[in-house]
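Undergrad: Here it is, the structure in full.
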Amino acid sequence: MDDDGARPGKNLPGRSARWRTAAAWTGVAAWGTWALVRFAGGDRLPGVGALTAPALALTPYAAAAAPLPVLAALLLRRRRAALAGVLVAGTLAAAVLPRAFGGGEPPARGPVFRVLTANLMFGEADPARLIDLVRRTGADVLSLQELPPEAVARYERAGLTALLPNKVVDARWGAAGSGLYSRHPLRALPPLARTQMAMPSAELTLPGGRRVEITAVHPVPPISAESLHDWKRDLGELPAAHPADMAAGAAATAAPVRILAGDFNATLDHATLRRVIGRGYADAADRAGAGLVPTWGLADPRPPLTIDHVLADRRCAVRAVSVHDLPGSDHRAVFAELRLP
């Protein structure tokens, strides 16, 4: 017989059969554990989050490799293990593949609003390339992360304020500074409490009176037990997208449209980010079918990840999303064109 618990054949000693069974189920169990941790919100599990949070960012790669234990089980002639592996692979695919196909859009009829976000890698991103991106995309607002004080003057001398003359900037040394630049007048909003990194927020009013609130997002990366705590706290401080107004008819169009744009140091496989999205947002790239396009680590030996996002009030329709190389930075810039409600 060729499956688990089978009697060994004439040329297959019992020990070899047990080894094949163990080998087949070990592979399936490894991927099954990954799927379980992902759907259980492993980055929020007490005691193990510091280990699982970095690993969960690799879930698209785990999903792509999920057929391997199925193939191994088939080669080892362990059909039940192969069937279990198919179920695990399907579970991981269900978590990942929808990002490549997009989803339906709400019937938004408001003005078009364009958002560009870029992590500058300690202010080292090429100024000319950044200004060119702003010009070519026609961005209404630009969210910048890793913006040190000396870089502010460099980008503004290169022409940033000629295109986006209004700003709310909290420049800090190293990776901690962030800023917002806009075509439209900005009003600084109270800063988020207790965040490790600068995450300024501002409100702008478009011609016609539509109000938009935007936050430049940049929590610390979850790479240790201490930074995991700070990362969860920083993301937890982000405002909800006015969920109470979502079903309020005419009142919904009067409420400000909230947008979060930046380097979240998180992928859609992190429950912490999904909680933020669940407070009334949609990931623009996910909606547009570009949710698997990597934004960080393309010049790094580690696998590239999608950690930069534009989260828009879910009442918005996503018209387009694109990702752009930014020489001098280890991140790519993310552009989203939205139609507001």
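The backbone N, Cα and C atoms fix where each Cβ goes, and this holds for glycine too.
Feature list, courtesy of TrEMBL:
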TRANSMEM  21-41  transmembrane segment
TRANSMEM  53-76  transmembrane segment
TRANSMEM  83-101  transmembrane segment
DOMAIN    116-331  domain 'Endonuclease/exonuclease/phosphatase'
Undergrad: For the transmembrane segment (83-101), what are the same-chain contacts with Cβ under 8 Å, counting residues 6+ beyond its ends?
TA: 25, 27-28, 31-32, 34-35, 38-39, 59-60, 62-63, 66-67, 69-70, 73, 268-269, 285-286, 289-292
Undergrad: Averaging the per-residue pLDDT over the domain 'Endonuclease/exonuclease/phosphatase' (116-331), what integer do you get?
TA: 94
